[in-house]
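Features as listed in TrEMBL:
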type: COMPBIAS; residues: 69-78; note: compositional bias 'Polar residues'
type: DOMAIN; residues: 367-405; note: domain 'Zinc finger Sec23/Sec24-type'
type: DOMAIN; residues: 444-688; note: domain 'Sec23/Sec24 trunk'
type: DOMAIN; residues: 693-777; note: domain 'Sec23/Sec24 beta-sandwich'
type: DOMAIN; residues: 789-888; note: domain 'Sec23/Sec24 helical'
type: DOMAIN; residues: 909-979; note: domain 'Gelsolin-like'
type: REGION; residues: 57-84; note: region 'Disordered'
type: REGION; residues: 126-178; note: region 'Disordered'
């Protein structure tokens, strides 16, 4: 039976330079070295002499072998070979003897004459199904084929795009609307020349497609300029295609003089939709129990609401993988280019109805481990010899079972007590660690929290200091504590600072707090030991007293200079003296300009954007900051930074310590207590109360054949295997990439074990173990079937964010597009049924992957626009590095929910719609959120009763601009909308500030940059244009 791929056939008669506003298109290969993966060894690349083609050696970093000539459409002309990042196929015959074109062939390279272009468009038409008989059993895929020239080629940045509705009336009589064939969801367009075909297309009769000329180059250029229309410079360099007479909206294409059917736009509903994929998965697996007893099973999506029952593999809340079926050999991995990685969130929160982790205590002997590879006892250990020995599942070493641990085996060879021991039957559990696992072989003290408040002029004047002091009185009552404990074991301390530091003695015996000042910030020390870190319950009265006094003490300050590094050093010294780990909460408002270690100068330079040196804007300043990160990690001192900037602060440098110690950075630009106070306090409450482990070290072990090679996260690495984190909380994820070092076997599969040693908030040393088993396969189709798009996107987001530290943005974007095209081309070539080259076929598990990659390239760090603040870009880059799968999914595809037509009596949330302007309606109300920002968008024709029910105002015109919360009104709509908003704010890792925007108001521009399927405000293609572009890249790889 022939299984279908997801198909779409857009036109590629012509592309324009600077597609969608990315410089010089995204296709051109990087100028200097050829990069494999990010971070792969760069390769010098010598151009071969003209006339002969030499293959560059595949880099160790995993470049695939050259694509063979395509088995689908061998007669497509190769129009000039190019050096791309992926080597071109070797020249076999003299027919390739055209001179080599440079990779940067002039963007306006000769295009076929207009008549020829039209013929190309006509000939690219493609209909029908595939020939039956799959090549390998391909994954189930959905499929849609469209008329090939429904999309206009991507319009250059800045040209108006025609509204989608405008073209539909132009359907010529011969173009009967696409017919849906039942069964395989394939839409077949009717031919546009000749009489209409009668009846639906016959299955299994693919029509042949004449070869398209003009397709070989990275960009066939724009047509020669018509008289009277001078070429304009595109916004990002390169020329914009001149408008053409006779075409509405200035789309290049057939000039008006030529008779031909009018162009019809590709129907946006026919290309894969993320909201549809999410809805389908929720429909299929939502509300069900997912059991983890099978090796290599793909879990429901992160967006699906389901319950997990641990039956021998770690819950997907703790570990998700880019694919659950690893290729057996390094060659297969190289061929498919799918990164092999897992995203580990060791402290992930479980749902209320899921069992918390069991704690196993083996007493003095400690956890049982393999003698050779040191893996911990887990369900993958095979007991033999009547239960006296066990074979390690990771390295196959045979170990003796300790006497106290001996148990007889049953007739199946399993231990009789398998279900009584969590470490033999579950994927995740904890061991109580012995003294051998503690620093200096003595038990750790409970951690401490130090609150460090910048009391310079700005923070006093804005009311921030008073706000913090008032909130701390409530917060300290709710410090996190272990299950079943009366009160928290966490000690607390307080520091205020401007260009000197003030420490407070809040010992319970004192009547009044005492202040000690350290003005020598070059040699930082803590002036008191006893009374600085105290138990809150004991010293409550003194602490209340202090928090009341701080705002008054500094009320008349004129000091605007601050220090920063000495503040963190003071925290590290305090933890050293108290022999504990802990967290610093630093509330800071300006660039540290006072004379002290870590003083910073303004180095913001917009002229560097889109140049080779742009990467320096993201690189932290070296020296004292680098050493400080190491000192923090060594002491188990995590830093959380709350920033309140009114101008550039050099976040790339200031946030370097939090981003290596497992900390978080929160940022409130131009902070005002009235509008931002509640937002900040919600963040602070979440941050203080979340579950967390301190002084952590993590190692990922794997079975033979592959190993962990790269780690991404808010982490520090002293060597290649140990991931060190001063703290790790329930929102932080570490992304781990794996590489083959030998062949894997289909029978035994692949195993991984993540072991995290940490100190609990009670001061107990523990080991948290997560185990996962994956399948291995020699069939690429299995790998593609088992892919998880959301995890792939997390991996690409983090590797791109790391790559921009040492490569030009342009190269990073090119690598992203190249690798996307490569993965999809490999699927097309090896797993899909044969079909016409003009069809775009995507694996079912990855059909929305291009939406996410396009959205990633439009994020602030990767877009390269002078309109974005350098600090915002650096902040988002660092935030992405610590994100888990659900966070990157939501960031790159915000949830857009219509609230105007929902059923207020139902419990269910309204279904989200696609993230595009086309989905908004003038009379509608929509909520958009991406985990960091939240908008309530109101159409200009919103009915008065809607406005009355939500805002208690007669009409939209009465709405004030700076409203940041909805009034509490007693009507069903208001209650429902407010409960949806507060539910989302509660659910996300960060609190979000609600911004209310009216259609056509100025602030609406801010909202529009989150509509990721549309063209980017600061550059970047629409989803449709990007899909067409990727399709063309795929065809080039296959020809």
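Every residue, even glycine, has its Cβ placed from backbone N, Cα and C.
Curation plays no part in TrEMBL annotations; they are all automatic predictions.
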Problem - Other parts of the chain folded back onto the domain 'Zinc finger Sec23/Sec24-type' (367-405), taken as Cβ under 8 Å at six or more residues beyond its ends - result: 312, 360, 413-415, 423-427, 431, 433, 701-704, 751, 753, 755, 767, 769, 771, 773
Practice task
Mind tallying the domain 'Sec23/Sec24 helical' (789-888) by DSSP state, helix then strand then coil?
Solution key: 69 helix, 3 strand, 28 coil
Completion exercise
Across the domain 'Zinc finger Sec23/Sec24-type' (367-405), the model's average pLDDT, rounded to a whole number, is 96
Practice task
Over the span of the domain 'Gelsolin-like' (909-979), count residues by DSSP class, listing helix, strand and coil in order.
Solution key: 22 helix, 11 strand, 38 coil
Handout entry: Secondary structure content of the domain 'Zinc finger Sec23/Sec24-type' (367-405), with strand meaning DSSP E or B
Key = 6 helix, 11 strand, 22 coil
